[in-house]
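One structure is given below, encoded as structure tokens.
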Amino acid sequence: MSMYGRDPWGGSLEINAADSATDDDRSRNLNDLDRAALSRPLDETQQSWLLGPAEQKKKKKYVDLGCIIVSRKIFVWTVGSIVAAALLVGLITVIVEAVPRHRHNHTPADNYTLALHKALMFFNAQKSGKLPKHNNVSWRGSSCLSDGKGKQGSFYKDLVGGYYDAGDAIKFHFPASFAMTMLSWSVIEYSAKYEATGELNHVKEIIKWGADYFLKTFNSSSDTINTMVAQVGTGDTSGGSTTPNDHYCWMRPEDIDYERLVTECSHCSDLAAEMAAALASASIVFKDNKAYSQKLVHGARTLFQFARDQRGRYSERGSEAAIFYNSTSYWDEFVWGGAWLYYATGNNSYLQLATNPGIAKHAGAFWGGPDYGVLSWDNKLAGTQLLLSRLRLFLSPGYPYEEILRTFHNQTSIIMCSYLPIFTKFNRTRGGLIELNHGRPQPLQYVVNAAFLATLYSDYLEAADTPGWYCGPNFYSTDVLRDFAKTQIDYILGKNPRKMSYVVGFGNHYPKHVHHRGASIPKNKIRYNCKGGWKWRDTTKPNPNTLVGAMVAGPDRHDGFRDVRTNYNYTEPTIAGNAGLVAALVALSGDKTTGIDKNTIFSAVPPMFPTPPPPPAPWRP
């Protein structure tokens, strides 16, 4: 049987005998072939075929550079490359310079953003105490560095710092606490907008300046207190008193040399609860600074407990506060402070208090009245109802809170309806300014608060994917609320019959005789005493210093305005008013799509699982 291999190309492959020769045989055959080939001499032609042309060695050339000798070829290549690169760079530069540049034009800042920058500067001008180097108000300096010092056995070490309330040098803690709460609320809701305008760090520094001072006004390291400071300075000039004080004298704060009285109170539920709200809201603003935030929360708890334990209005019993900032009730501060403490701590006991129907009834939540829906330093009810409606919109805690939260939500909707021009709850001036204080003086502080609430409620509804709300049978879009806020703020910024901006430094036409001691006295290194500054108070010349960002008290009910320094009902600004202005401006500023921060305010709130209602009584036949 023959053996075949498999030809990969398709045929059979026979193994021949010749292929089976041994390696030794093949080697001998090759050697014989080699000897035969070499035995014949090769002629020139054959040699040229086999060997090719004879190789001639080229002599390398070098260039002597003095310190080094290099190949000429490498030298030429190097120099040539450098020259070519230089020409290429030059050509590219010429082309770039010749081509017209298309710069990216950023969208110019809107009026609300421009006004916001200025409105915040007013707080820098109102600072008391040792001013930071970056305060950026050239005509202001450190002042009242002896406030609260020297009293033996007191619960405070010093009362240096804080903010002057208005055009004088009194530190009223009640409206100041409201101002800081409003600023904190605006930061919690609109931190992204503050960031976009470059003002987030600035506004937080303003809030911290106030919060640090508040911690000095009571024993903030204690769990319980029985007294606190209500104000520093005095302004009572009734009965023709000529005793130097912060209203009788017209002096720069830096030049004050008279004694500044400290007013304490032991029954001041409204003040304590409002300051608790300020510290609690600030603790959310500074939640990333855990130690400081906890310090603020502890102070807020202490104050709120004091407010609840020792009931009373801080402005009663003939106190000076009754003349300037009289509080009508402390029930609204209970609900307001309780709501903020709940958001700051997540402790349900505060929510139970804030949603207690009895307390809400005392605060006026279930009845109207001419001032219902007006948020101010005195009455926080409108703000509180919106703040608690937020809880229902986004967390929906259910039983046992749902019924009262639904009531607050409905009341908030009614308040928003009352702001609209088609309803007659509030009159308007011919120029379009809503008269929330019914034609009384100093209207703008109430208008800015309403503009903030309207814009915020609009953003709440947008964030909850709700296009609007009902006023009776009629449905209104959220844009209607924003338009209301815009018309009011636009009026303040100059879109009014007088074409005057009521924010100092904004636009070309604004009040030049602001009722403000520091702004009205030139920085001329001359120290004017108590009566010596009267000539600056009474002069008809414009203020030598521009009080940038100050929102004055505002026009009268006929859109009239008298730019007179001595008429504070037209020309005096306040920190409470400016806080509402700042809040409204940041809410309206920038891109509407930015909206609110839905979650930060709930950072301390634990997950909410609705409590089931109690089971029905057992059936009995």
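Cβ coordinates are placed from backbone N, Cα and C, and glycine is handled just like the others.
Now, the feature entries from TrEMBL:
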type	residues	note
TRANSMEM	74-96	transmembrane segment
DOMAIN	112-585	domain 'Glycoside hydrolase family 9'
ACT_SITE	H515	active site
ACT_SITE	D563	active site
ACT_SITE	E572	active site
Reported mean pLDDT - the domain 'Glycoside hydrolase family 9' (112-585): 96
Integer Å distance between the CA atoms belonging to H515 (active site) and D563 (active site): 9
Cβ neighbour count (within 10 Å, all chains shown) around E572 (active site): 20
For D563 (active site), the number of other Cβ atoms found within 10 Å of its own Cβ: 16
Length of the line joining the Cα atoms of E572 (active site) and H515 (active site), in Å: 5
Spatial neighbours, same chain, of H515 (active site) - Cβ under 8 Å, 6+ residues apart: A166, G167, V552, R565, T566, N567, Y568, T571, E572, P573
